Amino acid sequence: RKEYVDLYVNYIFNKSVQKPFGDFMQGFLRGCPARNWKMFSPEELQVLLQGHPTFDWHLLEENVIYRGYEKLDRTIRNFWAVFHELPEEKKKMFLAFLTGSDRISGYGPERFRFCIAEYNSQGENPDELSPYVSTCQLILFLPR
């Protein structure tokens, strides 16, 4: 029975996918030669491709650039007070809203910066406006 299980597992996880995986690997290595990837350890490569899975949210706050706001403005203080009370899952959802991904790129959290800019809409009540983002430029437009 043990031999049967071992052979079956080997077939499912190795032999049955050998041809499709070989084709994938050949195409992948054509676009991304292996010599370029060998300089990374497996852990470094995972972070480079997937981003950092854990965050220091206070470091994120420290790295923000403000346009039209000051760090001590009431709107900004309220924003960060609410943000830090959110559960981890909601903070990651905010990151996905801001960047399109719930992870910070491989450069590292200490280098990640985004901008909070004042959302100026002439003549409209700011209480009726919603925040919006420019994901390409990493700008959160926040009404007062």
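Using N, Cα and C of the backbone, Cβ positions are placed for all residues, glycine too.
Lifted from TrEMBL, the feature list:
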type: DOMAIN; residues: 1-144; note: domain 'HECT'
type: ACT_SITE; residues: C136; note: active site, glycyl thioester intermediate
Quick one: average pLDDT across the domain 'HECT' (1-144), no decimals.
86
Please list the DSSP helix, strand and coil residue counts for the domain 'HECT' (1-144).
75 helix, 16 strand, 53 coil
